[in-house]
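Below is one structure; the comments refer to it alone.
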Amino acid sequence: MNREIDTTGIKIGMWIFLYSEIILFGGLFVLYAVYLHRYPQFFSEGGKELDRIIGTLNTVILLVSSFTVASSVTAVQRGEKKKCAALLLFSILCGFGFLVNKYFEWGAKIDHGIYPNSERLVNGEPGENIFFGLYYLITGLHGLHVIVGIVLLCLSLVLLLTGRVTAQRFTMLDNSGLYWHLVDLIWIFVFPLFYLVL
Amino acid sequence: MDRFNSERSSHHILGYRQLAAVLAGLLLLTGVTVGVSYIHMGFFNIPVALLIACTKVTLVLLFFMHLKYEETIIKLSFIGTVIVLVTLIGFTFWDVAFR
Amino acid sequence: MSETHSFYEISSPPGMTGIKSWLLTHDHKRLGLMYLAAIFFWFNVAMILGLLIRTELMSQGRTIMGPELYNSFFTLHGVIMIFLFVIPGIPAIFGNFFLPIQLGTDDVFFPRLNLFSWYLFMFGGLFAIISLFVGKGFPDTGWTFYVPFSIEVDTNVSLTVMAAFILGMSSLLTGLNFVTTFHRMRDKSMGLMQIPLFTWSLYATAWVQILATPVISITFVLVVMERLLSIGLFDPARGGDPILYQHLFWMYSHPAVYIMILPGMGVISEIIPVFSRKSIFGYKAIVWSSMGIAIAGSLVWAHHMYTSGMSDVSVFVFSLLTFLVAIPSAVKVFSWVATMYKGAIEMTPALLLSLMFIYLFSVGGLTGLVLGSVGTNIHVHDTYFVVAHFHFVMFGGTGFAFFAALHYWWPKMFGVMYRFRPAYVGACLTAVGFLFHYVPMFILGIQGMPRRYYDYLPQYETGNFLAGFGGYLLCAGIVIMFANLLMSFRQGVAAPADPWGATTLEWKVPSPPPVHNFVKQPDIMEFPYDFSGIGNQPGAGARTGDR
């Protein structure tokens, strides 16, 4: 029984996987909501200690990369292979740019003695400890997803260049794109909730 | 109800210009959310920030993620997931808000 | 029926032989059997552990093991039974085997992902075994891994919760596969209200698996993170809130109870109409009650936490919601009983086990209401009453449904008929042992004996002795049932395609089914439980069982 590849079915599967990712982060947002309710002033102070400029820059980077990934899907469907490859490469570079920013941001925080179980957080106010605990957890998990997203995009790029992603068959690229947008989606919430709160 | 389409559903292709317009909207909203955060509204900063974030997410979902053109089952199940998430967070507040 | 090769003889993908054709298979039927083998092993391990716990408790003081070992054993019993038997049991074995056939298709939508889920399942089990032998041994936290104990104790909590994390992934991917198969692979002529109820129940379960499992994944990640980095998110001294852990834990683990019971209910909804020779009563009501249980069951998690110190408003709200779950559950019980009314009942082991299910599950459900109402809950919270209640639901419910499913589908899966008489004996012994085992626990609970304790006051000795005695009867019954099923291979009485006179699609293909399930395009009946073509005749294979 040979049947045609059912792209819609594959997409349903991918979306269901994305739902599980959303709920995975959802568990952390439950904690965020409760602790924001409990320690609003510490969340506000903690938010001011984070670097808004890096945060905004990272938001812009992710939004732009999301756009280029979406465009690469358009490009592949139109058979514009070179354009598609260039767009993907640019998106991957954006991903690395995001990680580099994150590295400097975390590095600066750690230099200030703010990291899980650091002396400052252990002896300081409980609200501050919770804020930065959540900050590291959520941005850490998000960063992990960025890395996975980059790997998926690289894989799609390789498949595109070797001719296994084509205008007729681009599910791999499409799904990697969906994953990348999910990473973006989560950041869109993380950014105001941590960097701009109150 | 889901129909069984054995023939390939005609794939909708988004134009670059349309995508660029969405990006412009997203960047604009990012500017707005950063700007608004400097205005002190006390508690109301959070709902405003969340409202803007939800708008941005909706844009990403509908266009970048193509949700606008997907099958009903995907749309419905996505809404279901959001409802579940809101319920999980909301029902926890039956406890923490009244303790 | 024309002579066809079964899926045992032809591999999928084609051309593979020997052990490779199993370990690399894409065939949902072989994967179902591979799950069966693994789950059979785990079930026996956990059953023996349970029996050892009960033996220890049969008399006061130290009987056969020390307190540390006892704590590890009841944790291990819980973890294995929950994560390696009850949650995957029916969906992974019978769901994998029969969902595609009932939908009239040749495999699940993502066959390779299905194989991957099996490997995740095996790795999860392997992790659990490894955590027994390395470091400071298996955790003694109970299967709930409550903080702060699970964060501070130096037993192998991290490895064990990672095992549970991996098993959760496996269960999630199986759910993903089922939902996609349900929507995209269903036979074109099969409408939503023509789908067998077992498949409907798996569909409802799959959504719970998809939307609840990630919460436990992140919770377990948090436990590991707390152990590694001590962030303090659940540590009151550092601003955290330990009750939030319980919220997160039960957000998954209560819906998980419905992951466990819904497929069992689906099995019963298949068996009852077949042996009543009568169309199922209230097909749509059962479909909607499955979805209703899935939804309502996800909203009641905090009823495990009445005495944990959460707000009174929350206690009130969650108590109210808990009572709502009783409605769809009762709809199902009424439908099953109404199906049998004025039916031409034909007794088989599968039906007997289903009847036992209805009785035991009803007791479990009704005592659930005792626990759901706050006043009585506070009296019996964390006593043996709770232990008895959830074993009535999980074992009397899902466990018996599992046995019923084994007896119902055994001829289809292996193509051989088993003998009925030993099955009846085994089933009755199991049920009697079950009642001896758990009814004393209800009484002990009301008398105030706390659960999980290594030792107890003298007034509880009679009850505990009886429970231990019942435990041995119970296990003897299960051994007889399993032995009888295994003996069927030696007797080798071939099973016909439809030994029971059933109507769903899996009975219209040869036993065991061919590799692509259907030799020719299946006929989809207007209604899956239409017995007008079969009448009141006993099934063709039923007589072979009475030999």
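If you go along the chain as it appears here, the first residue is 1 and each next one adds 1.
For all residues, glycine too, the Cβ spot is worked out from N, Cα and C.
What TrEMBL records for A:1-198 is domain 'Heme-copper oxidase subunit III family profile'. In the predicted model, the domain 'Heme-copper oxidase subunit III family profile' (A:1-198) shows an average pLDDT of 93.
Look at TrEMBL and you will find A:12-33 (among others) tagged as transmembrane segment. Sequence-distant neighbours of the transmembrane segment (A:12-33) (same chain, 6+ residues past either end, Cβ-Cβ under 8 Å): 134, 137-138, 141-142, 145, 175, 178-179, 182, 186, 189, 193.
Taken from TrEMBL, the feature transmembrane segment applies to A:53-73 (among others).
Look at TrEMBL and you will find A:85-104 (among others) tagged as transmembrane segment. Residues 54, 57-58, 61-62, 64-65, 68-69, 71-72, 75, 139, 143, 146-147, 149-150, 153-154, 156-157, 160-161, 173, 180 of the same chain, all 6+ positions outside the transmembrane segment (A:85-104), place their C-beta atoms under 8 angstroms from a C-beta of that stretch.
What TrEMBL lists as transmembrane segment is A:144-166 (among others). Long-range contacts of the transmembrane segment (A:144-166) within its own chain (CB-CB distance under 8 A, at least 6 residues past either end) are made by residues 21, 69, 76, 81, 84-85, 88-89, 91-92, 95-96, 98-99, 102, 172-173, 175-177, 179-180, 182-183, 186.
The transmembrane segment annotation in TrEMBL covers A:178-197 (among others).
Distant neighbours of the transmembrane segment (A:178-197): 14-15, 18, 21-22, 25, 29, 32, 36, 43-44, 47, 50-52, 55-56, 58-59, 62-63, 65-66, 69-70, 91, 95, 135, 138-139, 142, 145-146, 148-149, 152-153; these residues of the same chain sit at least 6 beyond its ends, with a Cβ under 8 Å from one of its Cβ atoms.
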